[in-house]
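Asks: Have a look at the structure that comes next, please.
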Amino acid sequence: MSNSSPETVSQPSQEVKYGEREIAEGQLITFPNPRVGRRYDINITLPEFTCKCPFSGYPDFATIYITYVPDERVVELKALKLYINSYRDRYISHEESANQILDDFVAACDPLEATVKADFTPRGNVHTVVEVKHRK
């Protein structure tokens, strides 16, 4: 038997964590395309997308695939990651999330072409894949 007193468990701090602050402040940031005039594809995979079902409140998980042909601007990847993380506590349907991501992406970098594919993890024996496209 030990004479030491039991450890106290500290309560979580109510202050906003730096990661939460970065996500809340996050915006899609772009920089100049280093090869304007050359047509090339950029493929991005974001395997940890989460949001909440607007009907049940249950979490939904997806892999987001973004493919785009840049024009004059390219999206900065850390900013994109933080933007995607901002959906974590948002109540939004599969269809609306894919469309909103595409709308915001196009507004930020005005690509020649862009496709957002949201491949949701099956829930209740239903597998949903939403693919939306933009072309100038």
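Keep in mind that glycine also has a Cβ here, set from the backbone N, Cα and C atoms.
Note that the structure is a prediction, hence the values are computed from the model and not measured.
Straight from Swiss-Prot, here's the annotation block:
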type     : residues                          : note
ACT_SITE : Cys53                             : active site, thioimide intermediate
ACT_SITE : Asp60                             : active site, proton donor
BINDING  : Val75, Glu76, Leu77, His94, Glu95 : substrate binding site
Asks: So how far apart do the substrate binders Val75, Glu76, Leu77, His94, Glu95 get, largest Cα to Cα in Å?
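Replies: Answer in Å: the longest Cα-Cα distance is 25.
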Asks: Just name the most isolated of the recorded positions Asp60, Glu76, Glu95, going by other Cβ atoms within 10 Å of its Cβ.
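Replies: Result for the recorded positions Asp60, Glu76, Glu95: minimum number of other Cβ atoms within 10 Å at Glu95.
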Asks: What residue among the recorded positions Cys53, Val75, Leu77 has the most other CB atoms lying within 10 A of its CB?
Replies: Val75
Asks: Non-local Cβ contacts of His94 (substrate binding site) (under 8 Å, 6 or more apart, same chain)?
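Replies: Non-local contacts for His94 (substrate binding site): Asp60, Ala62, Ala118, Phe120, Thr128, Val130.
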